[in-house]
Amino acid sequence: MLSVDLPSVANLDPRIAAAAAGSAVAVYKLLQLGSRESFLPPGPPTRPVLGNAHLMTKMWLPMQLTEWAREYGEVYSLKLMNRTVIVLNSPKAVRTILDKQGNITGDRPFSPMISRYTEGLNLTVESMDTSVWKTGRKGIHNYLTPSALSGYVPRQEEESVNLMHDLLMDAPNRPIHIRRAMMSLLLHIVYGQPRCESYYGTVIENAYEAATRIGQIAHNGAAVDAFPFLDYIPRGFPGAGWKTIVDEFKDFRNSVYNSLLDGAKKAMDSGIRTGCFAESVIDHPDGRSWLELSNLSGGFLDAGAKTTISYIESCILALIAHPDCQRKIQDELDHVLGTETMPCFDDLERLPYLKAFLQEVLRLRPVGPVALPHVSRENLSYGGHVLPEGSMIFMNIWGMGHDPELFDEPEAFKPERYLLTSNGTKPGLSEDVNPDFLFGAGRRVCPGDKLAKRSTGLFIMRLCWAFNFYPDSSNKDTVKNMNMEDCYDKSVSLETLPLPFACKIEPRDKMKEDLIKEAFAAL
């Protein structure tokens with residue numbers, strides 16, 4: 001029998017033994033990477049190193065998170081390599097973890113790409129400890145008072161008249177007209193800009209491009225955020241191409257926002273004041289640099305531009321897909337207000353079915369189906385599990401809005417549910433189960449929520465009063481439903497964005513057409 005003499009451990013070179021032991025430890029740690037610790041909430045099975053990363057692209061992320069919620073419960077965990085992600089799927093969990101413990105869970109995760117783009121000056125993504133967040137948040141809350149919101153109504157009504165006239169004259173270019181109207185309104189509120197009647201080649205086009213760049217940055221930042229070592233590769237070297245793109249985007253954004261703030265300052269120096277937000281930050285700089293003030297003002301556009309425009313488009317999709325709802329809104333308008341006058345902002349409160357329709361669109365197609373993530377500063381406990389310090393915490397807004405435990409027939413479009421209960425939830429459920437977290441939770445609730453709802457509500461009310469919306473059978477891009485598969489861009493995980501679509505828009509009658517023309521001529 002052949003015998004082989006193997007060296008004993010005692011006879012090994014100490015350097016070889018140390019290297020072998022070190023390699024074994026490294027391999028063990030590598031294999032542990034991505035595994036779920038026993039104290040975490042449950043979640044889908046992991047793979048060594050990857051954790052659950054290999055599962056994240058199987059379907060549109062909000063739907064995937066919701067599928068896991070049905071299997072693993074109201075709070076579950078994911079592992080993305082060495083990162084722990086906690087997903088909240090119930091109103092109770094959100095209130096307990098984000099609202100009641102907001103001082104612990106109110107931070108944002110660090111993103112090398114977003115940080116390079118914002119230069120640490122965007123309060124939406126900055127830590128609660130920074131002066132950017134503290135002074136910026138205070139300034140916005142002090143500005144968006146009830147009296148200030150009331151002061152915007154005349155301009156909101158003007159822009160809605162301009163929009164109706166645009167659609168009357170040029171319905172096929174609906175998306176651009178909606179974009180023009182909303183951006184013109186925002187530029188007035190933030191910078192005191194006069195109403196702009198065109199889009200292309202104007203400050204409105206530049207402002208929209210600047211405001212939507214941060215979404216493109218966030219969508220394309222996965223690589224460097226997952227592998228932070230890429231941040232250390234110098235610009236110009238392989239693997240650092242993202243830095244060139246981000247810097248170009250940043251320079252463009254800063255140029256646009258600085259120019260807008262400069263314009264507001266020049267108007268103030270000339271004795272012209274409109275009560276805009278820029279005047280407030282210029283009057284009370286609180287030690288902030290001009291670039292900080294520019295980013296604070298521009299943050300209004302970052303947050304409000306794309307979201308409100310997408311929501312209005314989703315409302316139009318719903319009107320086309322559900323003509324019975326469109327008729328009910330119009331019948332309510334005619335019955336409550338009559339047929340011979342244009343509705344005004346104050347009429348919104350007299351139209352319960354319209355308000356229910358607006359809420360149902362937000363529930364079924366939330367603009368932000370997965371809220372921007374929070375980060376925990378300390379270990380937390382929930383349901384017998386530990387949510388460790390540094391965990392990234394997501395609110396699954398899509399999942400809560402489509403939860404059959406909360407809503408009857410959650411996949412159906414039924415505005416009537418909001419006429420039965422204030423939250424649209426099943427009759428008999430506690431008010432505490434209100435799943436309306438569309439504008440955030442805890443320390444990160446969007447301060448512009450009321451402004452957004454007031455503006456979009458007025459626009460949709462007047463569009464329904466003025467026009468009928470139909471599928472356009474002569475156009476290949478027409479729509480007849482609002483299904484995710486047919487109508488929405490599922491390549492974007494953190495937004496519910498309607499794909500471009502065509503429709504037919506016709507005035508309801510000659511009297512309304514004449515009223516629109518008269519109102520526009522009077523602007």
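Every residue, even glycine, has its Cβ placed from backbone N, Cα and C.
Worth saying up front: this structure is predicted, and the values here are computed from it rather than measured.
Per Swiss-Prot, these features apply:
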| type | residues | note |
| --- | --- | --- |
| BINDING | CYS446 | heme binding site |
| CARBOHYD | ASN82 | N-linked glycosylation site |
| CARBOHYD | ASN103 | N-linked glycosylation site |
| CARBOHYD | ASN122 | N-linked glycosylation site |
| CARBOHYD | ASN295 | N-linked glycosylation site |
| CARBOHYD | ASN379 | N-linked glycosylation site |
| CARBOHYD | ASN423 | N-linked glycosylation site |
| TRANSMEM | 16-33 | transmembrane segment |
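Of the candidate recorded positions, ASN379, ASN423, CYS446, the one lying closest to ASN122 (N-linked glycosylation site) when CA atoms are compared is CYS446. Nearest neighbour of ASN82 (N-linked glycosylation site) by Cα distance, taken over the recorded positions ASN103, ASN295, ASN379, CYS446: ASN379.
Residue environment of ASN103 (N-linked glycosylation site) contains 12 other Cβ atoms, counted within 10 Å of its Cβ in all protein chains.
The DSSP secondary structure for ASN82 (N-linked glycosylation site) is coil.
Note on proximity: of the recorded positions ASN295, ASN379, ASN423, CYS446, the one nearest ASN103 (N-linked glycosylation site) is ASN379, by Cα distance. The shortest Cα-Cα distance from ASN295 (N-linked glycosylation site) to any of the recorded positions (ASN379, ASN423, CYS446) is found for CYS446. A distance of 19 Å separates the Cα atom of ASN423 (N-linked glycosylation site) from that of the residue listed as 'heme binding site'. Among the listed glycosylation sites, namely ASN82, ASN122, ASN295, ASN379, the Cβ with the most fellow Cβ atoms inside 10 Å is that of ASN295. Counting only same-chain residues at least 6 apart in sequence, those with a Cβ under 8 Å from the Cβ of the residue listed as 'heme binding site' are ALA303, PHE439, GLY440, ALA452.
Cβ neighbour count for ASN423 (N-linked glycosylation site) (all protein chains, 10 Å cutoff from its Cβ): 21.
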